[in-house]
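Student: Residues annotated as transmembrane segment in TrEMBL: B:20-39, B:46-66, B:86-103, B:110-132, B:164-182, B:213-239, B:260-278, B:284-308, B:320-340, B:352-383.
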Amino acid sequence: MENLIETLKNASPAVQAIGVSAGGLIGVFATIAFFFVLIVAADRFGKR
Amino acid sequence: MAAVEYIQSMQDVFIGFTSITWKMLVMYGIGGLLIWLAIKKQYEPMLLLPIGFGSILVNLPLAIAWEHEGVPGFLHILYDAGIANELFPLLIFIAVGAMIDFGPLFRNPLMIFFGAAAQFGIFATMIIATLLGFDLKTAASIGIIGAADGPTAIYVANKFARDYLAPISVAAYSYMSLVPIIQPPVIRLLTTKQERGIHMALHEKPAPHWLRILFPIVVTMTAGIVAPISVPLVGSLMFGNLIRESGVLERLSQFAQNELAYLVTLLLGITIGGSMSAEKFLNWQTLLILAMGLVAFVFDTAGGVLFAKFVNLFLPHERKINPMIGACGISAFPMSARVIQKMANDEERGNIILMQAIGANVSGQLGSIIAGGLVLALVPLLVK
(Lines of atoms letter the chains of each structure in order from A; the text may use other names.)
(Lines give C-alpha, C1' and ligand atoms only; values in the text may rest on other atoms or scores of the structure.)
Protein backbone atom coordinates (compact mmCIF):
# COMPACT_ATOMS: atom_id res chain seq x y z
CA MET A 1 0.00 0.00 0.00
CA GLU A 2 2.81 2.40 0.89
CA ASN A 3 4.50 1.65 -2.42
CA LEU A 4 1.29 2.46 -4.25
CA ILE A 5 0.94 5.77 -2.40
CA GLU A 6 4.57 6.65 -3.11
CA THR A 7 4.07 5.86 -6.81
CA LEU A 8 0.93 7.98 -6.94
CA LYS A 9 2.67 10.86 -5.19
CA ASN A 10 5.03 11.13 -8.14
CA ALA A 11 2.34 10.57 -10.79
CA SER A 12 0.50 13.19 -12.84
CA PRO A 13 -2.64 14.79 -11.33
CA ALA A 14 -4.87 12.74 -13.66
CA VAL A 15 -3.33 9.46 -12.50
CA GLN A 16 -3.58 10.66 -8.90
CA ALA A 17 -7.26 11.45 -9.52
CA ILE A 18 -7.81 7.93 -10.87
CA GLY A 19 -6.16 6.54 -7.73
CA VAL A 20 -8.33 8.68 -5.45
CA SER A 21 -11.42 7.70 -7.48
CA ALA A 22 -10.67 3.99 -7.16
CA GLY A 23 -10.04 4.31 -3.43
CA GLY A 24 -13.04 6.57 -2.97
CA LEU A 25 -15.50 4.34 -4.81
CA ILE A 26 -14.26 1.21 -3.05
CA GLY A 27 -14.47 3.04 0.28
CA VAL A 28 -18.00 4.33 -0.34
CA PHE A 29 -19.29 0.93 -1.45
CA ALA A 30 -17.58 -0.88 1.43
CA THR A 31 -18.97 1.53 4.02
CA ILE A 32 -22.44 1.43 2.51
CA ALA A 33 -22.25 -2.38 2.38
CA PHE A 34 -21.49 -2.40 6.10
CA PHE A 35 -24.59 -0.29 6.78
CA PHE A 36 -26.60 -2.66 4.56
CA VAL A 37 -25.47 -5.65 6.62
CA LEU A 38 -26.32 -3.73 9.80
CA ILE A 39 -29.87 -2.96 8.61
CA VAL A 40 -30.52 -6.51 7.36
CA ALA A 41 -29.10 -8.00 10.59
CA ALA A 42 -31.30 -5.66 12.63
CA ASP A 43 -34.32 -6.75 10.59
CA ARG A 44 -33.55 -10.44 11.18
CA PHE A 45 -32.90 -9.80 14.86
CA GLY A 46 -36.14 -7.84 15.13
CA LYS A 47 -38.16 -10.77 13.75
CA ARG A 48 -37.05 -13.03 16.59
CA MET B 1 -5.66 75.55 -6.15
CA ALA B 2 -9.27 75.95 -5.16
CA ALA B 3 -10.31 74.46 -8.50
CA VAL B 4 -8.16 71.37 -7.88
CA GLU B 5 -9.67 70.95 -4.42
CA TYR B 6 -13.12 71.38 -5.89
CA ILE B 7 -12.51 68.70 -8.51
CA GLN B 8 -11.07 66.40 -5.82
CA SER B 9 -14.10 66.86 -3.59
CA MET B 10 -16.44 66.27 -6.52
CA GLN B 11 -14.58 63.03 -7.29
CA ASP B 12 -15.11 61.97 -3.67
CA VAL B 13 -18.80 62.77 -3.94
CA PHE B 14 -19.19 60.78 -7.14
CA ILE B 15 -16.75 58.01 -6.24
CA GLY B 16 -19.58 55.52 -6.42
CA PHE B 17 -20.10 56.31 -10.10
CA THR B 18 -16.44 56.56 -11.04
CA SER B 19 -15.53 53.24 -9.39
CA ILE B 20 -17.94 51.13 -11.39
CA THR B 21 -16.23 48.73 -13.79
CA TRP B 22 -17.65 46.50 -16.50
CA LYS B 23 -16.92 43.48 -14.33
CA MET B 24 -19.15 44.90 -11.60
CA LEU B 25 -21.92 45.39 -14.14
CA VAL B 26 -21.60 41.75 -15.20
CA MET B 27 -21.83 40.67 -11.56
CA TYR B 28 -24.99 42.76 -11.10
CA GLY B 29 -26.37 40.85 -14.07
CA ILE B 30 -25.39 37.50 -12.53
CA GLY B 31 -26.88 38.53 -9.18
CA GLY B 32 -30.05 39.64 -10.92
CA LEU B 33 -30.22 36.35 -12.81
CA LEU B 34 -29.94 34.33 -9.59
CA ILE B 35 -32.67 36.44 -7.96
CA TRP B 36 -34.84 36.01 -11.05
CA LEU B 37 -34.33 32.22 -10.99
CA ALA B 38 -35.25 32.20 -7.29
CA ILE B 39 -38.40 34.30 -7.64
CA LYS B 40 -39.70 33.55 -11.12
CA LYS B 41 -38.62 29.91 -11.49
CA GLN B 42 -38.54 29.12 -7.76
CA TYR B 43 -35.21 27.29 -8.14
CA GLU B 44 -33.85 26.87 -4.58
CA PRO B 45 -35.19 30.35 -3.68
CA MET B 46 -33.97 30.13 -0.09
CA LEU B 47 -30.40 29.99 -1.35
CA LEU B 48 -30.30 31.57 -4.78
CA LEU B 49 -32.03 34.75 -3.66
CA PRO B 50 -29.57 35.49 -0.80
CA ILE B 51 -26.63 34.43 -3.00
CA GLY B 52 -27.80 36.73 -5.79
CA PHE B 53 -28.29 39.67 -3.45
CA GLY B 54 -24.97 39.03 -1.71
CA SER B 55 -23.18 39.01 -5.05
CA ILE B 56 -24.64 42.45 -5.82
CA LEU B 57 -23.76 43.76 -2.36
CA VAL B 58 -20.12 42.77 -2.54
CA ASN B 59 -19.64 44.24 -6.00
CA LEU B 60 -21.01 47.68 -5.22
CA PRO B 61 -18.37 50.41 -5.43
CA LEU B 62 -15.74 50.23 -2.68
CA ALA B 63 -17.22 46.89 -1.51
CA ILE B 64 -18.12 48.42 1.84
CA ALA B 65 -20.15 45.33 2.79
CA TRP B 66 -16.94 43.29 2.62
CA GLU B 67 -14.29 45.66 3.97
CA HIS B 68 -13.74 49.39 4.37
CA GLU B 69 -10.47 51.06 5.33
CA GLY B 70 -9.16 47.81 6.77
CA VAL B 71 -12.25 47.18 8.88
CA PRO B 72 -14.19 44.02 7.96
CA GLY B 73 -17.73 44.62 6.75
CA PHE B 74 -20.66 42.47 7.82
CA LEU B 75 -20.24 40.01 4.93
CA HIS B 76 -16.57 39.51 5.82
CA ILE B 77 -17.50 39.01 9.48
CA LEU B 78 -20.13 36.42 8.51
CA TYR B 79 -17.61 34.72 6.21
CA ASP B 80 -15.04 34.41 9.00
CA ALA B 81 -17.70 33.33 11.50
CA GLY B 82 -19.43 30.71 9.41
CA ILE B 83 -17.63 29.74 6.22
CA ALA B 84 -13.90 30.01 6.93
CA ASN B 85 -14.29 27.83 10.01
CA GLU B 86 -16.94 25.59 8.31
CA LEU B 87 -19.55 26.30 11.00
CA PHE B 88 -22.50 27.12 8.70
CA PRO B 89 -22.32 23.89 6.63
CA LEU B 90 -22.16 21.84 9.82
CA LEU B 91 -25.15 23.65 11.35
CA ILE B 92 -27.05 23.04 8.11
CA PHE B 93 -26.19 19.37 8.44
CA ILE B 94 -27.74 19.23 11.92
CA ALA B 95 -30.90 20.68 10.40
CA VAL B 96 -30.81 18.27 7.44
CA GLY B 97 -30.22 15.33 9.77
CA ALA B 98 -33.31 16.31 11.75
CA MET B 99 -35.32 16.32 8.50
CA ILE B 100 -34.19 12.89 7.26
CA ASP B 101 -36.36 9.86 7.88
CA PHE B 102 -34.34 6.71 7.25
CA GLY B 103 -37.52 4.61 7.61
CA PRO B 104 -38.01 4.08 3.84
CA LEU B 105 -34.39 2.92 3.62
CA PHE B 106 -34.82 0.45 6.50
CA ARG B 107 -37.86 -1.01 4.71
CA ASN B 108 -35.90 -1.36 1.43
CA PRO B 109 -32.26 -1.84 2.51
CA LEU B 110 -31.10 -2.75 -0.99
CA MET B 111 -31.72 0.88 -1.97
CA ILE B 112 -28.71 1.90 0.11
CA PHE B 113 -26.31 0.80 -2.65
CA PHE B 114 -27.66 3.45 -5.01
CA GLY B 115 -26.37 6.01 -2.54
CA ALA B 116 -22.90 4.70 -3.36
CA ALA B 117 -23.33 4.18 -7.11
CA ALA B 118 -24.63 7.70 -7.70
CA GLN B 119 -21.44 9.20 -6.29
CA PHE B 120 -19.72 8.13 -9.51
CA GLY B 121 -20.06 11.66 -10.86
CA ILE B 122 -17.81 13.02 -8.12
CA PHE B 123 -14.91 10.86 -9.17
CA ALA B 124 -15.45 11.02 -12.94
CA THR B 125 -15.57 14.81 -12.74
CA MET B 126 -12.47 14.92 -10.59
CA ILE B 127 -10.54 12.99 -13.25
CA ILE B 128 -11.86 15.25 -16.02
CA ALA B 129 -10.93 18.35 -14.01
CA THR B 130 -7.32 17.19 -13.70
CA LEU B 131 -7.25 16.58 -17.47
CA LEU B 132 -8.39 20.19 -17.93
CA GLY B 133 -5.39 21.40 -15.96
CA PHE B 134 -6.67 21.77 -12.40
CA ASP B 135 -4.48 20.50 -9.57
CA LEU B 136 -5.73 17.50 -7.58
CA LYS B 137 -7.12 19.46 -4.63
CA THR B 138 -9.06 21.85 -6.83
CA ALA B 139 -10.23 18.98 -9.03
CA ALA B 140 -11.48 17.12 -5.96
CA SER B 141 -13.39 20.22 -4.84
CA ILE B 142 -14.96 20.55 -8.28
CA GLY B 143 -15.86 16.86 -8.32
CA ILE B 144 -17.64 17.24 -4.98
CA ILE B 145 -20.26 19.36 -6.75
CA GLY B 146 -21.45 15.91 -7.79
CA ALA B 147 -22.25 15.13 -4.17
CA ALA B 148 -25.40 17.14 -4.93
CA ASP B 149 -25.04 18.36 -1.40
CA GLY B 150 -24.29 22.04 -0.82
CA PRO B 151 -22.80 21.83 2.69
CA THR B 152 -20.41 19.01 1.68
CA ALA B 153 -19.33 20.97 -1.40
CA ILE B 154 -18.69 24.07 0.72
CA TYR B 155 -16.88 22.05 3.38
CA VAL B 156 -14.51 20.35 0.94
CA ALA B 157 -13.94 23.47 -1.20
CA ASN B 158 -13.13 25.46 1.91
CA LYS B 159 -10.44 22.94 2.84
CA PHE B 160 -8.97 22.36 -0.62
CA ALA B 161 -9.76 25.28 -2.94
CA ARG B 162 -10.90 28.36 -1.06
CA ASP B 163 -10.37 30.60 -4.11
CA TYR B 164 -13.03 28.63 -5.98
CA LEU B 165 -15.50 28.42 -3.10
CA ALA B 166 -17.97 30.83 -4.71
CA PRO B 167 -18.33 29.16 -8.13
CA ILE B 168 -18.35 25.68 -6.57
CA SER B 169 -21.11 26.65 -4.13
CA VAL B 170 -23.15 28.40 -6.80
CA ALA B 171 -22.78 25.40 -9.12
CA ALA B 172 -23.74 22.93 -6.37
CA TYR B 173 -26.91 24.76 -5.38
CA SER B 174 -27.88 25.76 -8.92
CA TYR B 175 -27.68 22.22 -10.30
CA MET B 176 -29.48 20.81 -7.25
CA SER B 177 -32.36 23.08 -8.14
CA LEU B 178 -32.12 21.94 -11.76
CA VAL B 179 -32.43 18.22 -10.95
CA PRO B 180 -35.93 18.10 -12.54
CA ILE B 181 -34.37 19.32 -15.78
CA ILE B 182 -31.05 17.43 -15.68
CA GLN B 183 -32.11 13.93 -14.62
CA PRO B 184 -35.07 12.98 -16.88
CA PRO B 185 -33.23 13.15 -20.24
CA VAL B 186 -30.26 11.18 -18.88
CA ILE B 187 -32.60 8.52 -17.47
CA ARG B 188 -34.58 8.28 -20.73
CA LEU B 189 -31.36 7.92 -22.67
CA LEU B 190 -30.19 4.98 -20.55
CA THR B 191 -33.46 3.08 -20.02
CA THR B 192 -36.20 1.54 -22.13
CA LYS B 193 -39.88 2.38 -21.69
CA GLN B 194 -40.38 -1.15 -20.41
CA GLU B 195 -37.72 -0.68 -17.74
CA ARG B 196 -39.22 2.64 -16.65
CA GLY B 197 -42.56 0.90 -16.20
CA ILE B 198 -41.28 -1.72 -13.75
CA HIS B 199 -43.45 -1.93 -10.62
CA MET B 200 -41.86 -2.53 -7.24
CA ALA B 201 -43.46 -4.17 -4.22
CA LEU B 202 -43.86 -1.93 -1.20
CA HIS B 203 -42.65 -3.20 2.18
CA GLU B 204 -44.85 -1.71 4.87
CA LYS B 205 -43.12 -3.15 7.91
CA PRO B 206 -41.84 -0.25 10.05
CA ALA B 207 -38.27 -0.29 11.36
CA PRO B 208 -37.87 -0.97 15.10
CA HIS B 209 -37.33 2.15 17.20
CA TRP B 210 -34.03 0.89 18.56
CA LEU B 211 -32.64 0.63 15.01
CA ARG B 212 -33.64 4.21 14.29
CA ILE B 213 -31.70 5.32 17.39
CA LEU B 214 -28.73 3.00 16.91
CA PHE B 215 -28.28 3.80 13.21
CA PRO B 216 -27.03 7.42 13.50
CA ILE B 217 -24.67 6.42 16.30
CA VAL B 218 -23.19 3.46 14.37
CA VAL B 219 -22.89 5.51 11.16
CA THR B 220 -20.98 8.23 13.03
CA MET B 221 -18.65 5.74 14.67
CA THR B 222 -18.05 3.89 11.39
CA ALA B 223 -17.25 7.14 9.58
CA GLY B 224 -14.94 8.10 12.42
CA ILE B 225 -13.00 4.88 11.94
CA VAL B 226 -13.02 4.73 8.11
CA ALA B 227 -12.29 8.42 7.49
CA PRO B 228 -11.74 10.33 10.75
CA ILE B 229 -11.60 13.64 8.92
CA SER B 230 -15.26 13.15 7.91
CA VAL B 231 -16.47 13.14 11.51
CA PRO B 232 -17.62 16.81 11.58
CA LEU B 233 -19.72 16.20 8.45
CA VAL B 234 -21.16 12.83 9.41
CA GLY B 235 -21.38 13.62 13.10
CA SER B 236 -23.42 16.78 12.66
CA LEU B 237 -25.81 15.10 10.20
CA MET B 238 -26.29 12.11 12.46
CA PHE B 239 -26.62 14.27 15.58
CA GLY B 240 -29.56 15.99 13.93
CA ASN B 241 -31.02 12.61 13.03
CA LEU B 242 -30.57 11.29 16.56
CA ILE B 243 -32.43 14.32 17.92
CA ARG B 244 -35.28 13.47 15.54
CA GLU B 245 -35.39 9.77 16.26
CA SER B 246 -34.85 9.91 20.01
CA GLY B 247 -38.52 10.70 20.49
CA VAL B 248 -37.79 12.82 23.56
CA LEU B 249 -36.50 15.98 21.87
CA GLU B 250 -39.43 16.86 19.65
CA ARG B 251 -39.09 20.61 20.23
CA LEU B 252 -35.36 20.55 19.50
CA SER B 253 -36.02 18.49 16.40
CA GLN B 254 -38.62 20.97 15.18
CA PHE B 255 -36.28 23.86 15.99
CA ALA B 256 -33.48 22.24 13.99
CA GLN B 257 -35.78 21.54 11.04
CA ASN B 258 -37.23 25.05 10.97
CA GLU B 259 -35.63 27.99 12.77
CA LEU B 260 -32.05 26.66 12.64
CA ALA B 261 -32.37 25.59 8.99
CA TYR B 262 -33.91 28.89 7.89
CA LEU B 263 -31.52 31.12 9.83
CA VAL B 264 -28.33 29.36 8.79
CA THR B 265 -29.48 28.99 5.18
CA LEU B 266 -30.15 32.73 5.07
CA LEU B 267 -26.71 33.57 6.47
CA LEU B 268 -24.97 30.92 4.36
CA GLY B 269 -26.58 32.19 1.17
CA ILE B 270 -25.76 35.85 1.58
CA THR B 271 -22.21 35.02 2.73
CA ILE B 272 -21.57 32.79 -0.29
CA GLY B 273 -22.90 35.63 -2.44
CA GLY B 274 -20.57 37.95 -0.57
CA SER B 275 -17.60 35.86 -1.63
CA MET B 276 -18.47 36.40 -5.33
CA SER B 277 -16.32 39.45 -5.96
CA ALA B 278 -15.86 40.20 -9.65
CA GLU B 279 -12.09 39.69 -9.47
CA LYS B 280 -12.48 36.17 -8.10
CA PHE B 281 -15.59 35.12 -9.99
CA LEU B 282 -15.19 36.42 -13.52
CA ASN B 283 -12.65 34.12 -15.11
CA TRP B 284 -12.48 31.07 -17.34
CA GLN B 285 -12.10 28.75 -14.37
CA THR B 286 -15.56 29.75 -13.14
CA LEU B 287 -17.09 28.83 -16.49
CA LEU B 288 -15.21 25.51 -16.46
CA ILE B 289 -16.37 24.80 -12.91
CA LEU B 290 -19.99 25.54 -13.80
CA ALA B 291 -19.73 23.26 -16.84
CA MET B 292 -18.13 20.46 -14.85
CA GLY B 293 -20.79 20.74 -12.17
CA LEU B 294 -23.32 19.80 -14.84
CA VAL B 295 -21.07 16.93 -15.96
CA ALA B 296 -20.94 15.70 -12.36
CA PHE B 297 -24.73 15.61 -12.05
CA VAL B 298 -25.07 13.80 -15.38
CA PHE B 299 -22.48 11.17 -14.40
CA ASP B 300 -24.12 10.77 -10.97
CA THR B 301 -27.46 10.06 -12.60
CA ALA B 302 -25.92 7.72 -15.16
CA GLY B 303 -23.94 5.88 -12.46
CA GLY B 304 -27.03 5.23 -10.39
CA VAL B 305 -29.20 4.13 -13.33
CA LEU B 306 -26.55 1.84 -14.83
CA PHE B 307 -25.88 0.28 -11.44
CA ALA B 308 -29.58 -0.49 -11.06
CA LYS B 309 -29.57 -2.15 -14.48
CA PHE B 310 -26.52 -4.15 -13.45
CA VAL B 311 -28.20 -5.31 -10.22
CA ASN B 312 -31.28 -6.30 -12.24
CA LEU B 313 -29.16 -8.84 -14.13
CA PHE B 314 -29.01 -10.91 -10.94
CA LEU B 315 -32.54 -10.42 -9.63
CA PRO B 316 -35.55 -12.66 -10.41
CA HIS B 317 -38.24 -11.14 -12.63
CA GLU B 318 -40.64 -10.34 -9.79
CA ARG B 319 -37.99 -8.52 -7.77
CA LYS B 320 -36.49 -6.37 -10.53
CA ILE B 321 -35.75 -2.76 -9.64
CA ASN B 322 -37.07 0.14 -11.66
CA PRO B 323 -33.70 1.54 -12.84
CA MET B 324 -34.94 5.10 -12.47
CA ILE B 325 -34.56 4.51 -8.72
CA GLY B 326 -30.80 4.48 -9.23
CA ALA B 327 -30.88 8.15 -10.17
CA CYS B 328 -32.25 8.95 -6.70
CA GLY B 329 -28.89 7.93 -5.23
CA ILE B 330 -27.77 11.53 -5.56
CA SER B 331 -28.44 13.39 -2.37
CA ALA B 332 -30.67 16.15 -3.76
CA PHE B 333 -33.29 15.23 -1.18
CA PRO B 334 -36.25 14.94 -1.66
CA MET B 335 -36.37 16.56 -5.08
CA SER B 336 -34.81 13.64 -6.93
CA ALA B 337 -37.30 11.14 -5.43
CA ARG B 338 -40.19 13.39 -6.46
CA VAL B 339 -38.85 13.68 -10.00
CA ILE B 340 -38.54 9.90 -10.33
CA GLN B 341 -42.03 9.28 -8.93
CA LYS B 342 -43.43 11.79 -11.43
CA MET B 343 -41.58 10.05 -14.27
CA ALA B 344 -42.88 6.64 -13.15
CA ASN B 345 -46.41 7.99 -13.03
CA ASP B 346 -46.02 9.61 -16.44
CA GLU B 347 -44.85 6.30 -17.90
CA GLU B 348 -47.69 4.35 -16.34
CA ARG B 349 -50.41 6.01 -14.31
CA GLY B 350 -50.60 4.53 -10.82
CA ASN B 351 -47.05 3.16 -10.69
CA ILE B 352 -45.99 4.17 -7.18
CA ILE B 353 -42.27 3.86 -6.42
CA LEU B 354 -41.98 6.89 -4.15
CA MET B 355 -40.96 5.06 -0.96
CA GLN B 356 -38.21 3.13 -2.72
CA ALA B 357 -37.09 6.37 -4.37
CA ILE B 358 -36.94 8.13 -1.00
CA GLY B 359 -34.98 5.18 0.41
CA ALA B 360 -32.39 5.61 -2.35
CA ASN B 361 -32.48 9.37 -1.92
CA VAL B 362 -31.68 9.34 1.82
CA SER B 363 -28.94 6.80 1.18
CA GLY B 364 -27.57 9.35 -1.31
CA GLN B 365 -27.22 11.74 1.61
CA LEU B 366 -25.18 9.09 3.41
CA GLY B 367 -23.14 8.26 0.31
CA SER B 368 -22.31 11.88 -0.43
CA ILE B 369 -20.90 12.64 3.01
CA ILE B 370 -18.95 9.38 3.04
CA ALA B 371 -17.56 10.21 -0.40
CA GLY B 372 -16.73 13.73 0.79
CA GLY B 373 -14.99 12.32 3.84
CA LEU B 374 -12.99 9.85 1.77
CA VAL B 375 -11.90 12.56 -0.64
CA LEU B 376 -10.81 14.67 2.33
CA ALA B 377 -8.85 11.68 3.66
CA LEU B 378 -7.31 10.40 0.42
CA VAL B 379 -6.22 13.57 -1.40
CA PRO B 380 -3.82 14.81 1.32
CA LEU B 381 -2.07 11.42 1.15
CA LEU B 382 -0.93 12.31 -2.38
CA VAL B 383 -0.49 16.09 -2.33
CA LYS B 384 0.40 18.42 0.51
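Any Cβ shown, glycine's included, is placed from N, Cα and C.
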Student: Are there at least 3 C-beta pairs under 8 angstroms linking the transmembrane segment (B:352-383) and the transmembrane segment (B:46-66), leaving out pairs fewer than 6 apart in sequence?
Tutor: no
Student: Mind pulling out the one from B:20-39, B:86-103, B:213-239, B:320-340 with the most Cβ pairs under 8 angstroms to the transmembrane segment (B:260-278)?
Tutor: B:86-103
Student: How about long-range neighbours of the transmembrane segment (B:86-103): same chain, 6 or more residues beyond its ends, C-beta under 8 Å?
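Tutor: Same-chain residues near the transmembrane segment (B:86-103) but 6 or more away: 150-152, 154-155, 158-159, 206-207, 212, 215-216, 232-233, 236-244, 253, 256-257, 260-261, 264-265, 267-268, 271, 333, 358, 362, 365, 369.
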Student: Among B:20-39, B:284-308, B:320-340, B:352-383, which stretch has the most Cβ pairs under 8 Å to the transmembrane segment (B:213-239)?
Tutor: B:352-383
